[in-house]
Amino acid sequence: MLYGVAEGDGQKEAAAHSKATVQPSRMPRIPMCCVKMKRKLDPEVRSFPGKKPCKGTEYPSPTGIVPCPATPTTFGHIRTANGQGQPRRRINSIQPPTGLQEWLRTFQSWSGPEKLLALDELIDSCEPTQVKHMMQVIEPQFQRDFISLLPKELALYVLSFLEPKDLLQAAQTCRYWRILAEDNLLWREKCREEGIDEPLLPRSGRLTKPGFTHSPWKSAYIRQHRIDTNWRRGDLKSPKVLKGHDDHVITCLQFCGNRIVSGSDDNTLKVWSAVHGEATAQCNIEVIFAFRYCPRFVCVFTLFVCLCFPPSLQCLRTLVGHTGGVWSSQMRDNIIISGSTDRTLKVWDADTGECIHTLYGHTSTVRCMHLHEKRVVSGSRDATLRVWDIETGQCLHVLMGHVAAVRCVQYDGRRVVSGAYDFMVKVWDPETETCLHTLQGHTNRVYSLQFDSIHVVSGSLDTSIRVWDVETGNCIHTLTGHQSLTSGMELKDNILVSGNADSTVKIWDIKTGQCLQTLQGPHKHQSAVTCLQFNKNFVITSSDDGTVKLWDLRTGEFIRNLVTLESGGSGGVVWRIRASNTKLVCAVGSRNGTEETKLLVLDFDVDMK
């Protein structure tokens with residue numbers, strides 16, 4: 001269809017082009033079939049600034065067409081009109097058979113239908129090698145670079161249907177295809193399909209060919225592909241080790257931007273830098289005449305350049321103030337909120353380590369919390385939930401209705417969902433402090449929740465996972481298959497990944513209730529799954545067996561171990577994991593002294609030179 005459009009438009013434009021460049025009185029007489037073929041092929045008809053046809057399709061302008069006789073056009077005349085009039089290689093190993101010219105004259109004397117009949121009979125009498133020879137002669141004359149014949153907008157539309165790897169191969173065809181395949185909007189759509197939100201701007205000073213512009217979106221796509229490859233099979237360098245919290249348990253872990261926050265039952269939180277101390281500028285001058293330190297950078301001033309080194313992987317500050325173990329935390333930008341067995345929440349400034357507010361109200365351990373914008377909802381073993389304003393430190397609402405400890409909570413800014421040891425899940429309107437729905441069905445404690453503003457997903461010690469409609473309170477699906485406590489879940493775009501104490505991980509479609517994959521087999525975890533996280537490609541899981549494993553989200557196949565503790569199986573545990581696009585942070589330790597409490601940081605980033 002697209003070729004037909006190009007042909008029709010090409011005929012109109014070619015006619016106008018011919019009138020503008022060639023005087024009719026000087027135009028040699030050309031059979032219409034030759035002219036029509038010429039108009040299909042001439043790339044100048046479709047030209048725009050910077051456009052060049054592919055090599056091998058540079059046909060002459062109408063003034064350069066070799067006149068054909070007035071008799072019906074032959075294949076040889078078409079080859080001449082296409083600019084390929086140079087004699088093709090003949091078979092010189094034998095002399096022309098006697099009577100060949102007479103045979104050809106006889107063929108020319110026949111009518112069109114008679115010629116077709118004769119060709120049919122001739123082909124039937126040929127051997128396969130002879131037919132192959134005919135194809136090698138004929139096929140090149142009908143190969144067309146249709147992309148160069150199309151307007152740029154249509155050409156880009158056609159290329160948009162290619163997969164990125166095919167698009168990269170197409171760019172190697174010729175210069176014009178490369179220019180098209182470098183189109184920034186084309187690659188922006190490819191990035192959007194892969195969830196890449198930001199282009200990768202070229203580094204200053206990067207040399208490029210004159211007149212050629214690299215696509216920042218293409219660079220971003222290639223960078224992400226290399227990062228994914230690093231996760232799958234890149235060399236696993238020794239992780240950076242961040243030691244702290246002595247031999248205590250790391251109970252909660254947050255990772256955002258370049259900052260890691262760990263909470264422990266030693267009553268403290270620690271703020272760590274997640275970046276390597278690489279200079280933002282380089283200089284060969286060794287004379288240093290000034291030195292300055294600030295919380296974010298160490299600056300060394302040379303004669304010509306200031307070198308700024310972000311603090312390398314290290315503990316930036318320890319947040320001290322709780323009088324009991326820290327069991328829950330949340331972080332956004334430079335604000336950290338922590339909940340403790342001392343029955344309080346604290347709001348901290350991560351840059352300075354200052355405690356901004358201490359939130360009093362709960363009468364037992366603050367076991368869970370969820371932060372949304374400037375409000376945080378906390379759940380406690382006192383069976384209540386409280387809504388707080390983190391800017392003022394004021395308690396805005398108290399939600400009462402559970403009759404046992406609240407173990408998990410989710411908040412989307414409009415509705416609060418809580419799960420408790422009373423086997424219940426409740427949906428709340430925090431503004432009116434009313435319970436909209438009590439979701440009954442579990443037969444044991446509820447330990448985990450996910451909420452996407454449409455569905456509530458709850459995991460319980462009764463081994464089941466239930467999917468609920470938040471508006472009606474109805475149970476849509478009961479997901480069965482696990483054999484023990486579902487301790488951790490993550491929900492994105494109707495895909496749920498659940499980790500269980502039975503050492504397995506399952507991938508579910510919550511719209512259908514179907515289990516898509518079970519991550520098991522010879523490489524499965526040997527003990528309870530402690531934490532998990534997933535993106536569009538991978539599932540990362542940690543376990544009491546001292547390993548962190550990488551799995552393929554689509555196929556459920558085991559890819560490799562990212563972390564394997566030497567003490568695994570004898571007490572070494574990976575308690576928590578948090579991952580970004582390029583880094584993995586693992587909180588490890590043991591309860592019997594076989595593994596030192598620490599954070600392991602693995603880096604999968606690439607250097608786009």
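Placement of Cβ uses the backbone N, Cα and C atoms for every residue, glycine included.
Any TrEMBL annotation is an automated prediction that lacks curation.
A quick note: this is a predicted structure, and the numbers were derived from the prediction, not measured.
As recorded in TrEMBL, the features of this protein are as follows:
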type	residues	note
REGION	1-23	region 'Disordered'
DOMAIN	144-190	domain 'F-box'
REPEAT	257-282	repeat 'WD'
REPEAT	319-358	repeat 'WD'
REPEAT	359-398	repeat 'WD'
REPEAT	399-438	repeat 'WD'
REPEAT	439-478	repeat 'WD'
REPEAT	479-518	repeat 'WD'
REPEAT	522-561	repeat 'WD'
### Chain residues outside the repeat 'WD' (359-398) and at least six past its termini with a C-beta under 8 angstroms from it
324, 327-332, 335, 337, 339-341, 343-347, 404-413, 416, 418, 420, 422, 428, 430-431, 433
### Message
Per DSSP, what is the helix/strand/coil residue tally across the repeat 'WD' (319-358)?
### Response
0 helix, 23 strand, 17 coil
### Task
Using DSSP, break the repeat 'WD' (359-398) down into helix, strand and coil residues and give each count.
0 helix, 25 strand, 15 coil
### Query
Any idea what the model's mean pLDDT is for the repeat 'WD' (479-518)?
96
